[in-house]
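Listed in Swiss-Prot:
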TRANSMEM  7-24  transmembrane segment
TRANSMEM  31-54  transmembrane segment
TRANSMEM  73-100  transmembrane segment
TRANSMEM  116-133  transmembrane segment
TRANSMEM  155-182  transmembrane segment
TRANSMEM  204-226  transmembrane segment
TRANSMEM  265-283  transmembrane segment
């Protein structure tokens, strides 16, 4: 394996490790758009890093396995991810736009069907529409993995290359509109976020900045992909002969000495998400908790000094959580007692109009 391949292995796997606390945070927050974006990013990163390790020797004259069965599935997942990643980021912007235009907090899981359809169903439909234009089952690129191979037609341009551009451009439009609305309604939104238990002002701005940086980087990338594919070969007119020639070409293996641009995008976005979510207070604690749990779980570190230290840290975290929970219960009990005393004091201090109470009071005069 070349040095660039070794570096990519560490780069991608560390991005997957950093995505675990983000996934935990978003599951607790029940943020469906972020979970959909994490789904596509982690799945494609895992596919890229595994396949780049399988076909890692560019100087091999022949390869023993052409990926039969595995590449039939992963190549189509990669095709779906080219639409699913910008679509799920677009649903995140739609969610923020819905929040900022409402005068009351959103209901939990509101519009989740629309988000799932746009992020999952739309990529599956586009992938199914592109299957008849496959020149062969897939191609295997060394240090990159398996990719679908399409005939370059105007049909491919319209249904495969243009949708990511439109989704990225729409995301930039909604981001700019959200920024304008937030600037105009800043005072009203501060009161709104105080009423909403699921979304605070910091969380809203964090998600907005994440979406803005994502689309500012992803939109030029989609334009570059369209221009690059257009320069490499001309787009042919669509005809039935191309459909009849489906899978007529054999599976091709391309030896290369570099990792393609597509393989770097998903792990880089995971690093970007980790950077933004690391500004939250509990992110570092969650990362440390996951790492300590991993050291305790691994058999070759469980009985070592490092494993015992990790177990000590986990026990300390559990004791702190139980102490904080006890203090919370004590504070709630104290508040309830104060409310009861306040009600009793108000009843005794406010005179009543009941004549029986006046008669009882006259006995002691």
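Backbone N, Cα and C atoms are what each Cβ position is placed from, and that goes for glycine too.
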Result, the transmembrane segment (31-54) in contact with the transmembrane segment (155-182) (3+ CB pairs under 8 Å): no
When counting Cβ pairs under 8 Å to the transmembrane segment (204-226), the leader among 31-54, 73-100, 116-133: 73-100
